[in-house]
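Q: TrEMBL lists B:Asn159, B:Met188, B:Tyr217, B:His253, B:Ser273, B:Arg274, B:Gly275, B:Asp314, B:Gly315, B:Leu316, B:Arg317, B:Glu353, B:Tyr380 with the feature substrate binding site. Annotation source TrEMBL lists Zn(2+) binding site at B:His357, B:His421. Look at TrEMBL and you will find B:Cys501, B:Cys504, B:Cys509 tagged as [4Fe-4S] cluster binding site. Summarising the annotation, TrEMBL assigns compositional bias 'Basic and acidic residues' to B:21-35. Summarising the annotation, TrEMBL assigns domain 'ThiC-associated' to B:21-85. What TrEMBL lists as region 'Disordered' is B:1-35.
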Protein chains: 2
Amino acid sequence: MTMTSAQHSCHRVTTGPIMASRKEHQHVEGPAGEDLRVPVRRIGLTDGTHLDVYDTSGPYTAYLEDGSDLHDLTVGTVRTRETWTHPEPVGGAATQLAWARAGTVTPEMVFVAAREGCDVELVRSEVAAGRAVIPANHRHPESEPMIIGRAFRTKVNANIGNSVVTSSVAEEVEKMVWATRWGADTVMDLSTGADIHETREAILRNSPVPIGTVPIYQALEKVKGDPEALTWEIYRDTVIEQCEQGVDYMTVHAGVLRAHVPLTSGRVTGIVSRGGAIMAAWCLAHRQESFLYTHFDELCEILRRYDVTFSLGDGLRPGSIADANDDAQLAELRTLGELTQVARRYGVQVMVEGPGHVPMHLVAENARLAHEWCDDAPFYTLGPLTTDIAPGYDHITSAIGAAMIAQAGTAMLCYVTPKEHLGLPDRDDVKVGVITYKIAAHAADLAKGHPGAQARDDALSKARFEFRWHDQFALALDPDTARAFHDETLPAEPAKTAQFCSMCGPKFCSMKISQDLKLSTLSTPSTLTVQ
Amino acid sequence: MTMTSAQHSCHRVTTGPIMASRKEHQHVEGPAGEDLRVPVRRIGLTDGTHLDVYDTSGPYTAYLEDGSDLHDLTVGTVRTRETWTHPEPVGGAATQLAWARAGTVTPEMVFVAAREGCDVELVRSEVAAGRAVIPANHRHPESEPMIIGRAFRTKVNANIGNSVVTSSVAEEVEKMVWATRWGADTVMDLSTGADIHETREAILRNSPVPIGTVPIYQALEKVKGDPEALTWEIYRDTVIEQCEQGVDYMTVHAGVLRAHVPLTSGRVTGIVSRGGAIMAAWCLAHRQESFLYTHFDELCEILRRYDVTFSLGDGLRPGSIADANDDAQLAELRTLGELTQVARRYGVQVMVEGPGHVPMHLVAENARLAHEWCDDAPFYTLGPLTTDIAPGYDHITSAIGAAMIAQAGTAMLCYVTPKEHLGLPDRDDVKVGVITYKIAAHAADLAKGHPGAQARDDALSKARFEFRWHDQFALALDPDTARAFHDETLPAEPAKTAQFCSMCGPKFCSMKISQDLKLSTLSTPSTLTVQ
């Protein structure tokens, strides 16, 4: 691992526990007797009970608030998976997919089963069927394994990364730590500016979650931003470089075929995927088929060596309501289905990416077609935004679509921040984006009847009804904001056990009246019945 | 109209046009030849075109930015409807419902048809069928008529009102002006603290939108907050007082029957509607049926005199995911169906209120049952929130449910602000709540294929693709925030025509590449076809 001066100036990230919470580890025995320390966040409640919740935050929340002595970004975090014993390759593939198909259980499968609270056989069989993926590059031992598939908790990805206009390596590492603190299950480093390699190295060595990239961004930097100058060789070497570093999944826009490009000519917003636009420009300039498509087998061979997961990019996704579910988008999806089959033959894990901008009545159709045409590969969508008219609030326009598409079986949601379409998200935007998408994902898990999903809702609502304000904050997705909002009008500590808040005041609190009522109802059995 | 000293200190509200917009009036001829000046906001675009959008903001956006000389809150705003000629009462009822049933077109019907861009016969027939309401108290001539019904644009209500803990008359009037500036179609004054009468008077005399209330809040103030001390006479007099002032619709929790109360005993969060809790407490204390239910005919007679619309309250709505769609909620809804029939017999317009907290998979069922059991009365819901675990973000948890329930035919959405469950919303919260709900309502209109809904999306997306940044801001639901977010990283004026933003930087803007591509595609006709 090489470190640059840029990273040496970046020793501080956000550390310390989340409000009222303590990091715990569940000790689970791996297939070779390993002690797999599965993380969990234990929220302590004032009534003496606690609630354990899924924890993506890595070691950072185990540190003291002032964590500068405990974590040095130039050293990297704990290499969790380095000591685990992995099975022999199967037919040349040392991938979770190949092992799962062979009926072999890996430490990663045991780990994610414990995290999800399910049987390991469900994990193995879903991975074997290609309905779930465990993105875990052999070279990213720092990651705590997680699973992406519709049978499991809906996951959230946070995009970070600098652009040439703004941001630094230090800021990007902090964004990764910050995003995972609030619940991001994976992080994509979409850097396009300076220091791409160094930024990614710093992120990977310190990341407890899988890291995704779009290799064509770095490849394009290598040819000084001229799409026509791209070659298969430059792209391939970039992919290998990133595989060696430990990237866990890669977006590859191999479904943008030369024949698809004219289908976008009547669109309101053309091609809005950067990778899609780059490949379309290349195809037109060279009057050739996409080198990502023609060299897809070689890509499979490379990714297989590291167990890097494909995230087949939707380079022709709609960028406006007008363009949703159009011929260009669906033609590409057909091609992604074909490529899914190819990758699977190599034993490479595959996800399929989806839109974008889609009106509500067309949302579920996207998940249905993706599952049908891509043989149930995990679907991974950006939003979708359900209207175009609210720049500045696209975390909300897209949370609506994200919740609906997750209910329809989408396995992972890529967040959208309030800055979408307007600028590079800062630290606050990253948090708002993550929390918003945790809401969408959780709402979908409730709707799908996912086992155990409702426990947190019930615990919070019970705390609310019993005026345990501290517990209501602690159980919230964002305890700090919940408390700050409450304290704006009633900052004094006695208000934390008061049977009202400033919304209705003491006399008009329905919950207070209702509580009194509950007591009186219990003491006065009613003989009344309902028709 | 009487004015208090509290109001005299409140001469300033937010005035001035919204970015790049000008208030226009469409001149439409009323049934008696009246000149009905129908407001519209004209958004001017840099390409020389413009887009007209529905305008709820009243005279305030027609004033200069410094509008203090032009609008005096103690005088009130223009009494738009005072000069209109109304038909004779029909069978004792001078209501839009009675007139519509008689086949008579009112100035209000012509006005709303122009606003909605539809035929007046659609308005008349929907009102006649009870599928839509036009809340327009004879005593609120300042209001610009609007229609609430599933065949029309989905509407948004903003709640304002002080509580005993905080806020003043002046602040509440400004909240009304502020909420309608950003698109609130109606405003409910839910004040429970001091100066209830005076606050409402100031709001009504200055409001361009219908005002709703929950009369039991003021009735309870009159008995010093003791639910048991309430009587039918006190409630009735309060209703008359509010009818006389000009309140356009009233939430009446007449569906909370004595027999329903025990059904809530097993709930996680009991009764969370203030009105519901008050009436349940009254029924239990007196061991009698709700006076709202037993005196419902008299209520109908009162409301009919003014053409005040019933909003039949859901006093037993669920306050948590665990309590959604339970027996208590559904028993009350059955009663609301019965009361809808009674009100209609009197010629009184009726809406029916809905939840609350509901997981996504149970959302549509709420709209279906409300329409079925309440004879297609317009459904008016609070959210619903699709999870309980995100206090501080309940505008978002509820926007998901609101968009879905509106898609299922809900006619008006009551906003939820970020302060829900935590405190009284301030000015910023009101704006975020309104914009969030405009998103939900518009997303639903797109999904329902509402005529013309997509024009604004298309205009904004076209501006975005053509890098007309000023137009993208101007067409946004919140132009100020969109521009501020953009300008955080690229504040200079040249960036307003730049073919990139800080999100991806100049080299990686997909829209830029795609635009170039579009030009080259056009100049190089492709002979390629797709399989």
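Every residue gets a Cβ built from N, Cα and C, even glycine.
Automated prediction, rather than curation, is the source of TrEMBL annotations.
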Q: Quick one: average pLDDT across the domain 'ThiC-associated' (B:21-85), no decimals.
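A: Taking every residue in the domain 'ThiC-associated' (B:21-85) and averaging pLDDT yields 89.
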Q: Going by C-alpha distance, which of the binding-site residues B:His357, B:His421, B:Cys509 is nearest to B:Gly315 (substrate binding site)?
A: B:His357
Q: Rank aside, I only need the closest one: which of the binding-site residues B:His357, B:His421, B:Cys509 has its C-alpha nearest to that of B:Tyr217 (substrate binding site)?
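A: In terms of Cα distance, B:Tyr217 (substrate binding site) lies closest to B:His421.
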Q: Sort out the residues at least 6 away from either end of the compositional bias 'Basic and acidic residues' (B:21-35), same chain, that have Cβ-Cβ distances under 8 Å to it, and list them.
A: 41-44, 52, 55, 57, 61-62, 83-85, 87, 105-107, 110-111, 114, 474
Q: Given the binding-site residues B:His357, B:His421, B:Cys509, which one's Cα is the least distant from that of B:Tyr380 (substrate binding site)?
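A: Answer for the nearest of the binding-site residues: B:His357.
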Q: DSSP three-state call for B:Gly275 (substrate binding site): helix, strand or coil?
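A: SS state of B:Gly275 (substrate binding site) = helix.
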Q: Which binding-site residues among B:Asn159, B:Arg317, B:Tyr380, B:His421 have a Cβ sitting under 8 Å from any chain A Cβ?
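A: Correct list, in sequence order: B:His421.
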Q: Determine the Cβ neighbour count for B:Tyr217 (substrate binding site): the number of other Cβ atoms within 10 Å of its Cβ.
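A: Excluding its own Cβ, B:Tyr217 (substrate binding site) sees 24 Cβ atoms within 10 Å.
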Q: Distance between B:His357 (Zn(2+) binding site) and B:Ser273 (substrate binding site) at the Cα atoms, whole Å?
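A: B:His357 (Zn(2+) binding site) and B:Ser273 (substrate binding site) have their Cα atoms 12 Å apart.
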Q: Rounded to the nearest angstrom, how far is the Cα of B:Asn159 (substrate binding site) from the Cα of B:Cys509 ([4Fe-4S] cluster binding site)?
A: 41
Q: Just to verify: the residue among B:Arg317, B:His357, B:His421 with the fewest other Cβ atoms within 10 Å, which of the binding-site residues is it?
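A: Relative to the other binding-site residues in B:Arg317, B:His357, B:His421, B:His421 has the fewest Cβ atoms within 10 Å.
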Q: Using Cβ atoms only, which residues of the same chain lie under 8 Å from B:Asn159 (substrate binding site) while being at least 6 residues apart in sequence?
A: B:Val187, B:Met188, B:Leu190, B:Cys414, B:Tyr415
Q: Near B:Gly275 (substrate binding site), which residues of its chain come within a Cβ-Cβ distance under 8 Å, counting only those 6 or more away in sequence?
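A: When sequence neighbours closer than 6 are ignored, B:Gly275 (substrate binding site) has B:Val214, B:Ile216, B:Tyr217, B:Thr251, B:His253, B:Val256, B:Gly313, B:Gly315 within Cβ distance under 8 Å.
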Q: Do you know offhand how many angstrom separate B:Arg317 (substrate binding site) and B:His421 (Zn(2+) binding site) by C-alpha?
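A: It is 15 Å, counting Cα to Cα.
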Q: According to DSSP, folded down to helix, strand and coil, what is B:Cys509 ([4Fe-4S] cluster binding site)?
A: coil
Q: What same-chain residues, at least 6 away in sequence, bring their CB to under 8 Å of the CB of B:Ser273 (substrate binding site)?
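A: Long-range Cβ contacts: B:His253, B:Gly313, B:Asp314, B:Gly315, B:Leu316, B:Arg317.
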